[in-house]
Every structure is written in structure tokens, then in C-alpha cells.
Amino acid sequence: MYTRISNSNLGLKLEEKVRLWRHDAYLRNLYETAAFWGNKVMTMTGDPNDMYWLAIIYFNMGQYVRAQKLIKNFIESSKVCRYLAAKCCIKMEKYQEAIEILGEENPISKKESISTAKSTECSIQVEASLCYLRGFAYSQLNNFENAKKCFKETLELDVKCYEAFHELVNNHLMTSKEEWEFINSLKFEEQLESDEAEFIKMNYISMLKKHDHLSEIRETRLELEEKFKLKRDCDLLMSHADELYAQCRFKECYEVTKKILEQDMHNHACLPIHIVCLHELREKNKLFLLAHELVENLPDKAVTWFSIGCYNYLIGRNDESRRYFIKASTMDSHYGPAWIGFGHTFAAESEHDQAITAYSTAAKLYPGSHLPTLFIGMQHLQANNLLLAEEYLLTSYNICERDPLVLNELGVLFFQKSKYPESVDFFKKALALAEETKCRPQIWETTWMNLGHAFRLLGELDAAESFFKKVISMSPPNPSALSSLGYIYHVKEEFEEASTYYHEALGIRPYDSITQDLLGVCLKEMIRTKSE
């Protein structure tokens, strides 16, 4: 006859067998069963460890107050009980209470330098877990400076605590420069064996911002793929997608994010970038279908309502899109993409003040990202508030010096201030970076156009002509570039050439009154010169 009792369990005391029943039920997510036997063994033994295990079971059942009360007498004396009690507070959104349990600062950093002794265990250090939880509570209270400090201390205690790294990088708590300095300051080799240290450091490097140190990140990614056999790893594919996204190479980025979602259809790191790529590529049907699939499967996630907001923004329903971006930010008040999208809907309608308010919220949430301050600067630029535009654009530039979009906007700023030599310098730098990073040609087109106008106003007509010709070589031809090229020939008194380009521009944009007026003047001057 088949028996369920393992030979290895024979001879055990009853309470030891009950512990095994409790643990087996816990591992199988049979929490009611685990709680039943856990309560029995705790009553039988009075052992604090049995009490702690029952509290963990209650925590996993969502019974946070019950779990807290069970271990309240051990919070001061036991680090693991303190951690569990604080985590219960976090789950109940009692963030200040969690900080009171954990303490406002890491006690280790006060008394002694943080230990970097090589760990002999595979588990995450309890002190690091406490430090991470303190940082998370601070972040939920919007105290991002203290949160950043705690997350950094967590990794200084134990580099294996990925949650802390994830919070620092994914929530843009550090600039690109700060990220690199911090990663290189961590004592990987002092905490771990050399192969472990190399593996963790390389994984972290692959996830850093993709505007600086690109060659090092690519080399790291390649080594992880080949040496550690991680070619199909979603995080490494995400690293590649991040790089392509930062370079505005949306078609290529979409191909990578599609691969990730084929492996893991609800990858939360991938979904926002995938959604934005669909928006940039104007894939209305695909974005519509994705949004509906997310509503069906992830109705309680901010990214779902962000996707619907993006779809409505794409089809020009700005009021509807705002409603969904607000819903996304209500579900997760720290969800930066929703605030950026919300700002874009106002920017599209030239509602500069409201756009700036939305972008300012994103800037507070993501202090290490240059994009919110860039967007604020662009709004001030469009509103002709040049002093404020300069302040925000330079802030964005100081955070990220290697984004062609930032350099282009600085060029526009100096152009509007009639500082044309400085304007040309920034436009040239933008083009050099765009070429280096292989940004999509549309980025080049905007900067070529701007350079053409800057050279025109400097009186360097041949240089201006060459850049306008680059713009009209794109498909479809840009009517503004055709008009501008016509104007260059007009100034050079090459009236037939000027007339040809004016006509081409009006063929694309027939109601352009400025080009119509210029064509009229050109034709009169052409007749006058021929009559002479």
C-alpha cells in the first residue's frame, strides 16, 4: 500500500512533523493549510521562530495587521521581525510608520563604516533589506534624496540586492554620470568571489543610461551574451532596446521590444517603450489591439491606461488621452510616462502653462532624467520666455550632454537670441552626435533646416543652400525647405531658380501666404531684370 510518509520523517517528534506540514503547504501556496498547522506548532512549542513563520504566512495571505501583532514583541530585538513589520506597513501604505520602525537612517552608517567583508552566504544581508525598505518608504513619501541615499547604502552593504539598483536606475534617481561613478565605487570584489563580482557588475552596467559610455555598455552586453550565455535574456534585450530608443531609432527598437514580449508578454520594463514605439511609428491598429489586451489582462496596472492614453493621443483625441493619462497616474502616482504624456497633450494644443505643470511633476519624480527639463525648456522657448528656456535647457544639458535633441534645442534658443555663431556650434554638435549614434534621419532633417537658417542669417548663403538641399533630398520633400532654398536663390538674384523652388513649395502647400508673396516679388524682379 502507498504511504505518504517519507522514511526520512520517521522518528521525528510530532512538532517537527507539523513544521514540515506547515512548510510544505507554504511552498505550495496553500496558505490556509500553512496557517492552520503553523498556529498549532506555535502553540505547542512557544518558539519565536514558529511565531515568525506564522507571521510570514499571514503576510502572504494579506493579513498584515495580524502578522504585525504576532511579532510586535520582537521588533526591537530581531532584525527579520523588524523587516517584516515594516513591510506590513508598506503594504498598508503606512510609509511614515514604516520609517519609524526601521529608523530614519541606517544605524550601521552612523556607528561604523559600511562593511564590505566577503559574504560566505548566498542570501541577501538582512541589513541591506532593511536599508532598501527604508529607501522605498522614503520614495513613496516623495523624499527622493533620502530614498537615493538609502538605495545606495543598500548596494554598499550587499550588491546582490537588485531591487535597490532597480529603484535607482528605473526611476532615474541618478544622472548618467552619477550612475557610472556609483557603479565603479561599489566593492564587488570585496563582497564576492571574482566570477560572481564580474557577473553582477556586468549585468548592472548593461542597464545604465545609454547616452554615455556606449562602447563599454555594448562590450559588456556582448560578453554577457557570449561568456554567460544570456543572448536571449530579456534584460539584455531590454538594454539593447533602451539604446535604440535613446537614439530615436524607433523601428529597430520596436523589433527588439517585440522579441521581448514574445518571450514575456507582460514585461513591465518593456511595455512603456514598446507602446511609445508604436505611437512614434503611427501603428494605430497594433496600439489599439495591445491596449485592449492589457485592459483584459492587466486592468490594475498604470501601463494599461498609459497605452490607451497614447492611442487616443495618436488619433488626435487629446481630451480623451488626458483622461487616461490621469487614470494611469492615479493608479501609480510615481508613473512618470503618464505625466510626460499628459504634458504632451497640452503641448500639442500650445497650452504651455499646463504642459509645464505636467512636465514639472515628471521632473520631480525623475530627477536624474534630462527629458522633463528638456520639455519644459521647449515650452518656454515656444512661448518666447527665453530666460526661463535657457535655464531649463542648460539644466537638461548638464544632466545629459550627449543627446542631439538637447543640443538642437539649445541651437534654437541661441538662434532666437540672434546669437547665430553659438547657434551654429550647437547645431553642428547635434549633427555630429546624430551621425555617431545613427539617429533616425528626421532628427537630422530638423537640424539641417535650423543650420540652413542660421547660415542664411550669418550671410553664408552657400552653406545655407547646401543644408536646405540636404533637407529636400529627404522623402517627401519639405515645403519649408523648398521655400527657404527659393529665398536663397532669390537673394543671390538667381530668379528662375528661386521661382522654381517657390512653385514646388506651393505645389505641396498651396495656401502658404509668405511663399505666395515671395513668388510674386520674385516674378516682378525677374521681369524687371529681363526688361533691362
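Going from the start of the chain as shown, residues are counted 1 onward.
Glycine too: its Cβ is placed from the backbone N, Cα and C atoms.
What TrEMBL says about a protein is an automatic prediction, not a curated fact.
These come from TrEMBL:
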type	residues	note
REPEAT	128-161	repeat 'TPR'
REPEAT	336-369	repeat 'TPR'
REPEAT	404-437	repeat 'TPR'
REPEAT	445-478	repeat 'TPR'
REPEAT	479-512	repeat 'TPR'
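If you count C-beta pairs under 8 angstroms between the repeat 'TPR' (128-161) and each of 336-369, 404-437, 445-478, the highest count goes to 336-369. Broken down by DSSP into helix, strand and coil, the repeat 'TPR' (336-369) contains 26 helix, 0 strand, 8 coil.
In the predicted model, residues of the repeat 'TPR' (404-437) average a pLDDT of 94. For the repeat 'TPR' (479-512), DSSP puts the residue distribution at 27 helix, 0 strand, 7 coil. If one looks beyond the repeat 'TPR' (336-369) by at least 6 residues along the same chain, the residues whose Cβ comes under 8 Å of a Cβ in the stretch are 142, 144, 171-176, 178-179, 272, 276, 302-303, 305-306, 309-310, 313, 318, 321-322, 325-326, 328-329, 375-376, 378-380, 382-383, 399. Secondary structure of the repeat 'TPR' (404-437), assigned with DSSP and counted as helix (H, G, I), strand (E, B) and coil, comes to 31 helix, 0 strand, 3 coil.
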